[in-house]
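Feature annotations, courtesy of Swiss-Prot:
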BINDING   17-24, 81-85, 135-138  GTP binding site
DOMAIN    8-283  domain 'tr-type G'
Amino acid sequence: MPRTHKIEDYRNFGIMAHIDAGKTTTTERILYYTGKSHKIGEVHDGAATMDWMEQEQERGITITSAATTAFWNDKRLNIIDTPGHVDFTIEVERSLRVLDGAVTVLDGNAGVEPQTETVWRQADKYKVPRIVFVNKMDKIGADFDKSVESIRDRLGAKAVPIQFPIGSESNLKGLVDLVRMKAVVWDNDGLGASYRDEEIPADLMDKAVEARAYLVENAVELDDDAMEAYLGGEEPSIETIKKCIRKAVLTGAFYPILCGSAFKNKGVQPLLDAVVDYLPSPVDIPPTKGIDFKTEEETTRKASDEEPLSVLAFKIMDDPFVGSLTFCRIYSGKMETGMSLLNSTRDKRERVGRMLLMHSNNREDIKEAYAGDIVALAGLKETRTGDTLCDPLKSPVILERMEFPAPVIEIAVEPKSKADQEKLGVALQKLAAEDPSFTVSTDFESGQTILKGMGELHLDIKIDILKRTYKVEANIGAPQVAYRESLGRKVDIDYTHKKQTGGTGQFARVMITFEPGEPGSGFVFESAIVGGAVPKEYIPGVQKGLESVKDSGLLAGFPLIDFKATLTDGKYHDVDSSVLAFEIASRAAFKELREKGAPKLLEPIMKVEVVTPEEYLGSVIGDLNSRRGMIQGQDMRGNATVVNAYVPLANMFGYVNTLRGMSQGRAQFSMVYDHYDPVPQHVADEVIKKYA
């Protein structure tokens, strides 16, 4: 089947937001108005089309990025649903990698919230063009102007409204379109499908003229001809303004702000128009970078069917009907069923069996897909999240790898029976393949299975899936903090390993300089050997020895991170030296760091934001201080106070219940991992006693 839409008519975009800003409802309405969904699914009753895992329906939060294809004004929209809960930022990050543009949804009552900041920063990292939709304008206390201010203040982004609401709260009637200078009004019946243009109400005319002048001044700055004409007193045409807004979105010069209420079916169609008018097509973004599979030189792929095939696998899901599904973005070339592909990341072959176009959870079998498409492949055996698939014969490539953060929290799981043990192994293998921020390991001493993740909710949901989807009965331990260790000072260690008991002995002497590295630098090994004091073939043994012990740490068995080891000198014996002897020597040298390297225990510090009514402020701050929290500041949001603090994760377990009790359920909080910090000595002593 040949292409049905030109690649210029594609819009691959996602909807990103804080939890509860109305992201899923907005997506639902988009699917409804674009004709892909016959009934509107409400998150309130757990039936939204995009939220198709049982766990999501129950909790009313979107966990997995489902990809959906829909159509609007002859344009093809591929919508990637991204989760809004902070424990799933990995999912957001993964979907941002494959998007060309995004709609940021804000709650008109709350404005920019902590998770909005997190996903905005991630979108900055991947340079994703954005437009902003201020939702929930029907809510009591919704304030469009204040939301726009919060974008400027909290995100440091240049916000330029291209609409503003007519009426507010329960009297929300529609919006003023500042590009066309028309009022757009919805009827209250017919689920918002019918709407019409009217003249702008007289009492809003002054505001509209002022807001449009601000829009036009910012828009014409991006086009020399338009700027010249405007300075000469000529008002730009609607087409010119749209062209300039599009340029602003593509370059990040400013962000157009729209408004409405998805729940009340107002403002969604103009939002779709804006997606088509302002967000980029695959050809508007820079070519995708990659590494040539054979030469390892940097190379690029343009968004074109004529280029060699390059595909990124960005999500793996277990589907009850089809088995394992791999969601893929085709960056270049054409893919057909039956084709043999190279997984260039792992140097393995794959075959395209079934290829599906997804609509949240209905699927359509297709035979061919082209550059710009987002499809799901069934039955891939070797492919994991972040892998590249390409044509093995036409200049194979490895696209940029996605980087995933290290988990900060862990729990032990013990299956109740032998049958559960077997089911658990299979289930965990699948869950780890689907989600790179979730890892599984075995504690060698206790034999327990350890699950590691990004937060309490993240692990709760994994356990829920184990019990519900895979029917595993297991005992779950209490959550534990993923502590780390670091060196306190630079130190030289000289160690000789000698074992001579008749026959061939073992001999190796190593002199290693250990020093603390920058945060995030990981383990770095260097050899500064000159003149063959240690023969070249033995040096890998030194590195291997250090790598085998660094994760067992020095103080309490936690991985030693961010340090550099330089092999400066050593000695060997013609007969008794071997790679193994140097491996043993470097391991023993590492252990001496406990006494000589002033090791420190590190703990994950979370960035916490609590939103509380004024009357509970004292209790909230007192409680955070008692948790070793460092209060960073507070400001007002509506009639609530927002407290920002850094708090050790170890002191945040069960905080949700404490806060609920303290504020009669009226305060909320969110937290994200921020950095690792040394643990105060009196606390470190207790932790070391517990784990060592």
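Positions of Cβ are set from backbone N, Cα and C atoms, glycine also.
ALA17 (GTP binding site) carries a strand DSSP state (E or B). The 10 Å shell around the Cβ of THR82 (GTP binding site) contains 27 further Cβ atoms across the protein chains shown. Counting every protein chain shown, the Cβ of LYS23 (GTP binding site) has 29 other Cβ atoms within 10 Å.
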